[in-house]
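Annotation source Swiss-Prot lists active site, proton donor at Asp204, citing sequence analysis. Under the heading purine D-ribonucleoside binding site, Swiss-Prot lists His4, Glu162, Glu179, Met180, Glu181, Ser203, Asp204. Summarising the annotation, Swiss-Prot assigns phosphate binding site to Gly20, Arg24, Arg43, Arg87, Val88, Gly89, Thr90. The feature site 'Important for catalytic activity' is assigned by Swiss-Prot to Arg217.
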Amino acid sequence: MSVHIEAKQGEIAESILLPGDPLRAKYIAETFLEDVTCYNNVRGMLGFTGTYKGKRVSVQGTGMGVPSISIYVNELIQSYGVKNLIRVGTCGAIQKDVKVRDVIIAMTACTDSNINRLTFPGFDFAPAANFDLLKKAYDAGTEKGLHIRVGNVLTADVFYRESMDMVKKLGDYGVLAVEMETTALYTLAAKYGVNALSVLTVSDHIFTGEETTAEERQTTFNEMIEIALEAAIQQ
């Protein structure tokens, strides 16, 4: 057991999907996995292990934002030996040519969080995805005929911003979308020498106001999960 995860040793697979919402973790386990067991319910942050195409995979809710995902990623790696961590979630598009329902694979993540400045004072550490996971996820998506974008995303500490000026400037520098967790995931993966990736569905556009319907969001979410699972079982 760790502080926030009550699983016993061996109950969590080496490859894991990380949605922010614990109810999404439950949905993924019930919809895509077989022989499912629930290993965690501490603070309602559900975690499950099952099999996908005969291979063990776990799925763990992380909550929203850098501090929350950092807790779960630290414990999954240090206490349970997880080797491959794939965040699955939503993001808001910044670029004009990024459309709702597109799938974004984050090659790296810039951030307005000070998390890495605590480790590297006065220095900007640039965390990156694991290339093998990225390539496998990209190939799985293109084989499905999906519109996959690969590039930089913004990991933001603030959901309700007073000004979008900085987000617009980041868009000028090619940042594709905004979310709230990837920088932390990639930094911790680098620290502990494990593999990490973020696969994101565009649920809305920050500047045009376009949004997906609930039905569209669910369909695209399912495709994103299948991409992540295919990458996870090949690693």
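Note: Cβ is positioned from N, Cα and C throughout, glycine not excepted.
All features noted in Swiss-Prot, drawn onto the structure.
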residue: His4; record: purine D-ribonucleoside binding site; Cβ contacts under 8 Å, 6 or more apart: Val42, Arg43, Met45, Ile71, Tyr72, Glu75
residue: Gly20; record: phosphate binding site; Cβ contacts under 8 Å, 6 or more apart: Gly61, Thr62, Gly63, Met64, Ser68, Ile69, Gly89, Met180, Glu181
residue: Val88; record: phosphate binding site; Cβ contacts under 8 Å, 6 or more apart: Leu17, Leu18, Pro19, Arg24, Ile28, Ser198, Val199, Leu200, Met224, Ile225, Ala228
residue: Thr90; record: phosphate binding site; Cβ contacts under 8 Å, 6 or more apart: Glu179, Leu200, Thr201, Val202, Ser203, Arg217, Phe221
residue: Glu162; record: purine D-ribonucleoside binding site; Cβ contacts under 8 Å, 6 or more apart: none
residue: Asp204; record: active site, proton donor; Cβ contacts under 8 Å, 6 or more apart: Gly92, Ala93, Val100, Glu210, Glu211, Thr212
Across all protein chains shown, the one of the recorded positions Arg24, Arg43, Arg87, Arg217 with the most other Cβ atoms within 10 Å of its Cβ is Arg87
Record-annotated phosphate contacts Gly20, Arg24, Arg43, Arg87, Val88, Gly89, Thr90; largest Cα to Cα distance in whole Å is 22
Here the binding-site residues are Glu179, Glu181; the one whose Cβ sees the most other Cβ atoms within 10 Å is Glu181
The largest Cα to Cα distance in Å among the residues His4, Glu162, Glu179, Met180, Glu181, Ser203, Asp204, listed in the record as binding purine D-ribonucleoside, is 33
By a three-class reduction of DSSP, Asp204 (active site, proton donor) is assigned strand
Glu162 (purine D-ribonucleoside binding site) falls, by three-state DSSP, under coil
